[in-house]
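K.L.:
Dropping the structure in here first, questions after.
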Amino acid sequence: MDHRASRRSEVLRKHLVRCTPPVSGGVLENPCLSYSPPELWNRLSFDTREMRKLMDGHNLEEREWLFSLIVQCGLFNRRHRAGRVFVCPDYNESMEQQREATMKRIDYLLQKGVFRGWLFNDGPQHELSKLALHEVIGMYDHSLSVKLGVHFFLWGGAVKFLGTKRHHDKWLNSTENYEIKGCFAMSELGHGSNVRGIETVTTYDSKTGEFIINTPCESAQKYWIGGAANHATHTIVFSQLIINGCNQGVHAFIAQIRDSDGNICPNIRIAECGHKTGLNGVDNGRIWFDNVRIPRENLLNSVADVSPSGEYLSAIKNPDQRFAAFLAPLTSGRVTIAVNAVYISKISLSIAIRYALTRRAFSITPDGPEVLLLDYPSHQRRLLPLLAKVYAMSFAANKLKMMYVNRTPKSNKVIHIVSSAYKATFTWNNMRTLQECREACGGQGIKTENRVGHFMGEFDVHSTFEGDNNVLMQQISKALFAEYIACQKRNKPFSSLGLEHMNKPLPVIPSHLTSSTIRSSEFQIDLFHLRERDLLRRLAEEVSEYQSRGESKESAFILSYQFAEDLGRAFSERAILKTFIEAESTLPAGSLKNVLGLLRSLYAVICVDEDAAFLRYAYLSTENASAVRKEVPKLCAELRPHALALVSSFGIPDAFLSPIAYNWVDSNSWSSSQL
């Protein structure tokens, strides 16, 4: 103890000596710290261009085109630091100024043709192009991404997919040209995730051929409606439809809320939601409808219609199936949110890891140099498992996008479940990543220009955006539970939701785990399968036990929330690992495949180490759990030489990162402060 205290005193003394100004004409004993580019000593062991193709998955040229448009335009707040250009919104602006800047940027991108074909060009390739461009926009500014997402994916998607030809002919062209500005009025003050319970009411007047929309109480006001406060001219209104005194459930209508001059329409009241912790470039508003009359043709009628005489018509007789069809536009929102979360994690890890490759702290020998942050095993443990998770989630995000753009009516249920799982998992992981990266950057992580700290306020909303994450996880478990019960009753094999592994014998875990076994993809997926199938069985048994005590099926499931939450996590992590293994298997032997093998193993072992279920339910013995935990620092150490190449493979332009990712000394110099 005395030796360590003496040693620390000596280290602190040397720091103080270094800070003492030299005597006139003298020379400092130790030179000042200077920035040295990590590229000088971090050799690239694999082709980062090939890795980027795997990471982005599609439309690389279009991404580069849009990156260039943004970086070269002054509207995107170009700043010069230490000889580099960076682009990032000016968050020192007022809320009103940020909203104005968002609209100017939309107009610029519109004039450059970025949105051309977003609502008219069909087919997987066109949809992937749209998603790629939207991802680039989201990497620049969350507000800009959300504003466009509401207009094109929610408003435009609802008109396109819930409407029919009469709606397409009237609304789509003016939507794509931004002549009208759409919003999406689903959430209410009293109902967010529970869309089925919304209180807005619409009735039909057969004498005039009009629907009448009303906000019957304060809790029914439309809330958090992006675009409503200042700019939107039209909205999709989700409302209970009452026909001849019978509630036909939630339906979607088009209503105009402002005229072409921006004046609020009669019988509509709009109020501001106010300043937020992030997303202040989006004008979230509240809407009240007071006997607002709209033409009968403004009902989006691909799912159901009302005849001129007031007869309710629908080919879908099951109310639950009708309700599910009306929620279809939300799937695109969950897909884009999930993918956006992965890209924001990539930016934050790129910044934090680049900083850790050049920033030093403390020496470990009496007169030795200070140590790079990323050479400390503890710092590796903080950042590199998160890097492995982002790689794993990138493969999963790309597969989710392919599922979405190739969707069919038969696959919609699976896409809904997977997108819900990934939206929750990716956004939770993003917030954890942002917090860790912020801390890993020390005080520099607090500066807004360095992005990471500010991102926390911007992206926290993802946890409740387009569905509360905890609610989504319970929905996933409910779907798995229903599939389990159905297969048992019919005595049929599992064939959906990735549960096919349950048709095979129960995996057997070796009693003694070696390093090679732990790193085996076969062992990893067996262990994840074991957890998922056992948790599903336990959930079913607990629900059955509660029902035997007189609880309803719904109440029994609510009471079994702990198993439901664990199962949702197990489902998501298994699906991610399976996608990683599939992507890895397509590659030939070589350096690229080798480093992905390390990342996949680190992803698997960190998931095991962080989930108490593996010990709680004895999927692993304490000895085997300890062996898995010991593998984490080993894998981190093996990945350390590849850290720079791995973040470079994300293909994020320098301008989209931040000053501390590069020459943090010069960017904080006196001369830089005078610019």
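Note that Cβ sites are derived from N, Cα and C of the backbone, with glycine treated the same way.
Those TrEMBL annotations? Automatic predictions, nothing curated.
When I checked TrEMBL for this same protein, it listed these features:
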- 183-292: domain 'Acyl-CoA oxidase/dehydrogenase middle' (DOMAIN)
- Gly226: FAD binding site (BINDING)
- 330-480: domain 'Acyl-CoA oxidase C-alpha1' (DOMAIN)
- Glu466: active site, proton acceptor (ACT_SITE)
- 523-657: domain 'Acyl-CoA oxidase C-terminal' (DOMAIN)
K.L.:
Can you tell me how the residues of the domain 'Acyl-CoA oxidase C-terminal' (523-657) break down into helix, strand and coil by DSSP?
P.N.:
112 helix, 0 strand, 23 coil
K.L.:
Where Glu466 (active site, proton acceptor) and Gly226 (FAD binding site) are concerned, what is their Cα separation in Å, rounded?
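P.N.:
That comes out at 12 Å between the alpha carbons.
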K.L.:
Including all protein chains shown, what's the count of other C-beta atoms within 10 A of the C-beta of Glu466 (active site, proton acceptor)?
P.N.:
26
K.L.:
CB neighbours of Gly226 (FAD binding site) within 10 A?
P.N.:
25
K.L.:
What average pLDDT does the predicted model assign to the domain 'Acyl-CoA oxidase/dehydrogenase middle' (183-292)?
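P.N.:
Summing pLDDT over the domain 'Acyl-CoA oxidase/dehydrogenase middle' (183-292) and dividing by its length gives 97.
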K.L.:
May I have the DSSP-based helix, strand and coil counts for the residues of the domain 'Acyl-CoA oxidase/dehydrogenase middle' (183-292)?
P.N.:
6 helix, 54 strand, 50 coil
